[in-house]
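Structure first, commentary second.
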Amino acid sequence: MVSAAWLRYPSLLTLGILVSRVAAQYEGDVLRYVDQLVGTANGGHAFPGASLPYGMAKAVADVDGSENYGGFTTEGSNVTGFSHMHDSGTGGKPSMGNFPLVPQICQDDDINKCKFSKEDRAVHYIADSVKARPGYFAIKLNNGIAAEMTVTEHAALYHFDFPHNNAESNGKLPVILVDLTDIQDSRQNAAISLDEDTLRVKANGTFLPSFGIGTYKSFVCVDFSGAEAKDTGIYISNRAGTQPKAISVGRGFNLFYIKAGTYLQFQASSNGPTRVSARVGLSFINEDQACKNAEKEIPGSNWDFEKVRTDAESAWKEKLGLISLKSGGVSDIFQRTFWSAIYRSMISPQDYTGENPLWQSKEPYFDSFYCLLDTYKHQGWLPDCHMSLCKGFTQSGSNADVVIADAYVKSISDNIDWDLAYEAVVKDAEVEPPDWSVEGRGGLMSWKSVGYIPAQDYDYLGTGITTRSISRTVEYSYNDYCVGVLGKGLGKEHEKYFQRSGNWQNLFKADQTSFIDGKDTGFVGFFQPRYYNGTWGYQDPILCSNIAAFCSLTSNSQETYESGIWENQFFVPHDMSTLINLLGGRSKFVARLDYLHDSNILYIGNEPSFLATFLYHYAGRPALSAKRAHTYIPSRFNDTTTGVPGNDDSGAMGSFTVFAMMGLFPNPGQNVYFIMPPFFEAVSIKHPVTGKTATVRNVNFDSKYENVYIQRATLNGKEYTRNWIGHEFFLNGGTLELTLGKEESSWGTGQNDVPPSLGAGIKRDGLRFT
């Protein structure tokens with residue numbers, strides 16, 4: 001899954017709202033529970049290096065393995081360099097990793113015998129040498145070179161320790177390359193220069209994003225200290241020279257990738273290891289801005305590594321101290337799982353304030369999740385996904401609409417122009433952009449005329465990948481619901497959008513069956529693709545699921561996206577009551593949902609599975625949601641390097657873990673949190689504006705998790721039977737007390753206890769097919 005996931009199912013946004021607006025006390029050093037290596041194997045793609053909360057600078061060792069999307073992995077790959085900006089948990093292609101520093105000792109101390117290409121310079125690392133703590137990363141390579149790094153907002157600081165003698169190379173002089181490349185070798189053109197008097201290196205380059213269109217420009221300013229320089233110069237391909245001190249490269253003949261950069265060779269210490277330090281300033285504006293960032297944030301010439309490191313730790317302690325726990329004696333496995341997940345949810349979005357080259361603004365600017373209304377105001381459309389200043393590919397719906405509705409219903413109103421927000425989401429719903437692969441929606445002619453996105457849709461208004469007709473239909477339905485929510489709240493047009501939000505029903509084929517390995521599953525009625533003329537197409541309900549062929553945006557693209565019809569059929573977040581009735585009532589709905597989970601059809605490593613874990617609440621069976629949460633945590637979400645079951649997607653998997661373990665899981669775009677027992681005895685959140693504290697407390701809690709079913713609940717001492725609660729609980733504070741037992745009870749099962757739905761029987765007047 002790629003970084004757009006936060007927009008498709010944006011529980012991460014809600015976590016950001018809570019965490020950024022609360023300030024609870026913490027006991028001791030919460031950083032001891034953060035393991036940055038969680039999710040660095042098995043496709044988690046988590047970034048494990050040094051970063052501030054939402055920081056632009058992200059320093060780590062880059063490796064050459066196929067899973068190096070976050071720079072470093074724990075799967076035994078080789079280190080190719082150390083770079084300063086990364087994303088975390090994303091898919092598509094590896095992102096950033098621009099201008100890596102490459103420490104080495106060259107054969108016979110001959111600069112022309114240095115290893116310039118990634119393939120030649122790759123060196124394995126000593127596994128137990130890896131040390132990661134918030135704001136810090138350290139590693140030792142098999143060639144004896146050790147590296148440690150820390151960061152500020154826009155700069156990285158490295159220590160490289162070179163061994164006194166390197167028998168393998170028969171040399172002793174430290175060399176550091178500054179390479180004109182990135183992780184995915186996407187550089188289009190670049191330039192680099194070196195001042196031989198100050199040893200300052202400036203570089204710039206144009207690169208491709210990981211999952212989108214266009215290019216972005218990146219700039220660095222590198223200073224060195226700690227050892228006297230012997231020689232400096234440039235290299236191109238596999239040759240180097242002391243003159244000139246600057247070089248520019250393009251993509252090369254026939255798009256051949258030209259290897260180039262600068263080198264610095266230092267004198268070695270006469271009596272022990274040689275330390276060379278490097279300060280790297282970063283910018284998206286220009287090289288001078290990169291230098292200013294470095295000089296401002298890590299001033300002077302004798303850089304205080306420990307101060308930078310402790311300042312970074314303090315920033316993380318402040319952020320991670322926002323939520324307080326009473327553990328109740330649970331294993332440290334669960335503490336590490338919880339705090340590591342919160343940590344990963346705060347790596348992105350990245351604060352690029354002051355580093356926006358797209359337009360002049362003094363407003364806060366975040367990338368990798370973009371500032372939505374600012375984007376609309378300056379570029380004309382809400383984005384579905386954004387990274388490295390570039391427009392990212394839309395995966396199904398126009399899910400910025402969901403994010404905006406989510407903020408509105410949760411009363412996040414400070415300095416938000418809601419009229420502009422409504423204008424933006426209505427444009428998504430009514431106007432098709434020329435390129436709807438990166439913004440807005442495609443197929444709007446059909447959406448308005450027949451009430452669904454047809455298979456093989458004839459769409460001449462814009463261009464995009466005309467697949468995913470089922471996924472787009474169910475997501476457009478929810479997008480329109482969210483437009484209606486905002487419209488109703490603002491006293492503007494909303495009924496039309498509420499009506500359109502029922503369009504998902506137009507793809508429900510009541511007699512469709514499903515067979516797995518030739519055996520009838522026993523369930524009848526599934527979504528199916530439909531042509532514009534109303535006739536039905538066919539897609540096997542298990543295709544694109546966890547037990548069949550994977551379907552991505554560009555490879556094996558089908559009528560559903562990254563999940564099959566079996567999973568898509570449950571995505572009606574706004575009208576579960578209608579869906580439950582359509583599937584035969586509560587009992588049959590629960591049986592079908594059980595089958596989805598128990599037959600391994602659902603892939604918990606992608607965001608479409610998030611909501612499906614907790615839909616039992618709508619059928620009056622909240623105990624089964626709690627059971628499912630404990631099924632997936634810690635079996636799939638845990639504190640190991642493989643403890644993220646799929647791409648972490650900029651902390652989306654982390655946010656799933658945090659909300660599930662807190663016992664309050666949001667339905668994004670609605671003022672609804674599903675109530676379950678927290679994985680700890682108590683969880684508290686304090687709101688700094690209201691000064692109120694919201695606490696969820698378990699009674700009869702046991703650390704072995706035998707009592708995971710709610711028997712009764714009270715809110716501020718009064719009986720509480722609803723199995724959900726609104727965001728006002730966090731705004732106003734209070735105590736939600738849950739009495740637990742070993743068996744499912746009648747709590748939260750009544751018709752009036754389930755979360756709200758838009759309602760059955762939505763009139764779809766004007767739609768051709770019903």
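Just so you know, glycine gets a Cβ as well, placed from its N, Cα and C.
Looking at 71-95, 746-770, the stretch flagged in Swiss-Prot as region 'Disordered' turns out to be 746-770.
Each of the glycosylation sites ASN78, ASN204, ASN533, ASN638 was scored by the other Cβ atoms within 10 Å of its Cβ; the lowest score goes to ASN533. Classification of ASN204 (N-linked glycosylation site) by DSSP places it within a strand. In this structure the C-alpha atoms belonging to ASN78 (N-linked glycosylation site) and ASN204 (N-linked glycosylation site) are separated by 26 Å. Between the CA atoms of ASN638 (N-linked glycosylation site) and ASN204 (N-linked glycosylation site) there is a gap of 40 Å. You'll find the Cα of ASN204 (N-linked glycosylation site) roughly 54 Å from the Cα of ASN533 (N-linked glycosylation site).
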